[in-house]
Every structure is written in C-alpha cells, then in structure tokens.
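Participant: The structure under discussion is supplied below as structure tokens; questions concerning it will follow.
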Amino acid sequence: MPVNSTAVSLASVTYISVEILIGLCAIVGNVLVIWVVKLNPSLQTTTFYFIVSLALADIAVGVLVMPLAIVISLGVTIHFYSCLLMTCLLMIFTHASIMSLLAIAVDRYLRVKLTVRYRRVTTQRRIWLALGLCWLVSFLVGLTPMFGWNMKLSSADKNLTFLPCQFRSVMRMDYMVYFSFFTWILIPLVVMCAIYFDIFYVIRNRLSQNFSGSKETGAFYGREFKTAKSLSLVLFLFALSWLPLSIINCIIYFNGEVPQIVLYLGILLSHANSMMNPIVYAYKIKKFKETYLLILKACVICQPSKSMDPSIEQTSE
C-alpha cells in the first residue's frame, strides 16, 4: 500500500520537523527566562524561584524529551529497559512542570492570605525544600514504571529483551491514565484552579473593602491581582496543552485506537507548552519585557549586559 506508506512517512517527517522547531524555541525562550531572573534583582523573589524551576523543566523538554520522543516515534530497536527509561524521562519533566505550577499557586496563595507573615513563612530553607520536593515527586512518579509497572510484566514473553522502541511497547496505559493523569495531573490541576479562584476572591474582597482608603494596600492588591492573572494564564495554557494528550491516552486505554495524526497533534501540542511561558512573561510582566529588551541590546547591538538596578520598581513577591 504505497499511498498509506507515503502518508505515514510524510506525517513522520512533518512531526519530527515541528518537534525540532518547538524544541529550539523552548530552549532559547526558557534560557532567556533564567537569564532575565539572574539580571533583574527585582525578580529574584520566591515566586520566580519556582518560575525558574518551571523553566528548567521546559529546557529539559527541549534538550531531552523532544529528541527522545523523535527516537520513540521512529521505533528504533533497543533494549527493553533502555526504551522504558527513555519513556520515563518523558514523564519526569511533565510532572516537574505541574509540580512547579502547584508550588507557584501555593506561593501566591500564601502571599495574599498571610500578607504580614509571608516573609517569615517563606524562608530560603523552605523554598529550597519545596523545590527539592517538587523534583523528588516528579522523579518518583516518572520512574515508577522502572520499578515494575511496565509492559514486560504483562507481556506473554517474559524474556523480552530487544524490541522496536515505541511508547506503548513498554509503558502500561493503566499507569498513564490512573496514576500519571488522574492522580498527578488532573488532581493538581483541580487544586490549582481552586487556589486561584480563592486568590481572586480574596483580592476582590480586600480591594472592595479598600482598607479605609489605604493607597499602599490598594496598590499591593492591585499588583497581586495582575500577577495572579499572568500566572493563572500560564496554568490555563498548561491545561490547554496537556489535557488533549491525556484524553487521547484515556481513549486508547478505554476504547482502543486513535488515528496516528491525532496522536502526533496531541504530542506536539503538549510539547509546545514548553515554549509558551516565556511569551506570556514577556507580554504580561513588565519587568520581563524590560529585561528581554536589555538582553536584546546586549546580544544584537553588542552593548554589554549588566544587572538591572535593584532600586527600580519592585515586582511583588
């Protein structure tokens, strides 16, 4: 069937080309995010530590996940556990992203609920513990199939060693649906939506009360409202990018097959999320836009880059 063969080949080439483009954009964009935070002291706050963690996860998607996804799409014959490790790495950085988003949401919640005690609660030690916990959970969830929850145990051929490396050849779909999606993606997404709903509710109440006309307090909650809007947009884009692929996995598990082109589109959309956040920061956070321009001058116009003056307007923590 030469027509079908050509169609599949064309779909694969298109998929690989788009993956490479997305990967490059994700790497460049998120390296810029980290560079911006390094250059701008007003962005070196608790929330932006978690944003840097999210950027690192997105860089890993560009550097590791997308090349591995391309190898898996080609079905290269390798050892079972090498293939399984590759697919587990795909899972680790997905969960690192959602854990970082959850940490950001909790941080903003503490900021508006504990306005006076916030700095005492969010100590440097606790920030590093939270970051470590995010990544520890991500590795444990992502590497769970390596400890037995994989296709080798459910395969009729227990001596299976080498095989064409494809996602469903090694990864069990009940792990993907019940453990990865329902437990570690869907539940955190619902929790984060509830957190942001409460943040907006608290800010709206405080602004309507106006605190006896205190301009300083009004300005604080105004900044918090803008920050919460920007970060909730990041969360919305994550959900928009990852839910389609998760739903496709549910369809495969409960109902059978989906067209290969639909699967490719779901994968590409999920990976595209890694290049979206730097764009959101540039458009929604003034300090990011200013520092992006500073870097552009340094790189394109050959002016030396330097840290921005910490005395300039501070981003709310």
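Yeah, the Cβs are placed from backbone N, Cα and C, and that goes for glycine too.
What you are looking at is a predicted structure, and each value in this text was computed from that prediction instead of being measured.
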Participant: From the topology recorded by Swiss-Prot, do Pro41 and Arg111 fall on the same side of the membrane?
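Facilitator: The record shows them together on one side of the membrane, with a shared topological domain name.
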Participant: Which of Cys83, Cys88, Cys134 is the other half of the disulfide bond that Swiss-Prot records for Cys165?
Facilitator: Cys83
Participant: Please give me the CB contact count at 10 A for Cys83 (disulfide bond), counting all chains in the structure.
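Facilitator: Result for Cys83 (disulfide bond): 27 neighbouring Cβ atoms inside 10 Å.
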Participant: Given the transmembrane segment (231-254), which of the listed stretches 15-37, 85-106, 127-148, 261-283 has the most Cβ pairs that are under 8 Å apart from it?
Facilitator: 261-283
Participant: So, do the transmembrane segment (177-197) and the transmembrane segment (85-106) meet, by the test of 3 or more Cβ pairs under 8 Å (sequence gap 6 or more)?
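Facilitator: These two stretches do touch.
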Participant: DSSP on Cys165 (disulfide bond), three-state: which is it?
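Facilitator: For Cys165 (disulfide bond) - judged by DSSP and reduced to three states - the answer is coil.
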Participant: What's the number of neighbouring CB atoms sitting within 10 A of the CB on Cys165 (disulfide bond)?
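Facilitator: Result for Cys165 (disulfide bond): 23 neighbouring Cβ atoms inside 10 Å.
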Participant: Counting each residue once, how many in the topological domain 'Cytoplasmic' (107-126) are helix, strand and coil under DSSP?
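Facilitator: Grouping H, G, I as helix and E, B as strand yields 14 helix, 0 strand, 6 coil.
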